[in-house]
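Trainee: The structure is given below, and queries will be raised subsequently.
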């Protein structure tokens, strides 16, 4: 499964690399798990509603979520900082 980062999500990821390596490790673990099983597993996967319909979120920390969408052959990371 191909991994695609939105501009915002890549900026989020770079922010975590500079400020908190533990969160980067957690994000990497969640992405690895999501590539294997997109709709179940670590981080309590949850389908989003309304204007984010089609996207899913997984908990990174109490405050931050990984927001993503899955297509046939790719995983689009939309955000990995703050809530949706």
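Quick reminder: no glycine exception, Cβ is built from N, Cα and C everywhere.
Pulled these features from Swiss-Prot for this protein:
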- 46: active site, proton acceptor (ACT_SITE)
- 83: active site, proton donor (ACT_SITE)
Trainee: What is the interatomic distance between the Cα atoms of residue 46 (active site, proton acceptor) and residue 83 (active site, proton donor), given in whole Å?
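Mentor: Their Cα atoms are separated by 12 Å.
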Trainee: Any same-chain residues 6+ apart from residue 83 (active site, proton donor) with CB under 8 Å of its CB? Would you list them in sequence order, or say none?
Mentor: 63, 64, 65
Trainee: Helix, strand or coil: which one is residue 83 (active site, proton donor) in, per DSSP?
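Mentor: Once the DSSP labels are grouped into three classes, residue 83 (active site, proton donor) ends up as coil.
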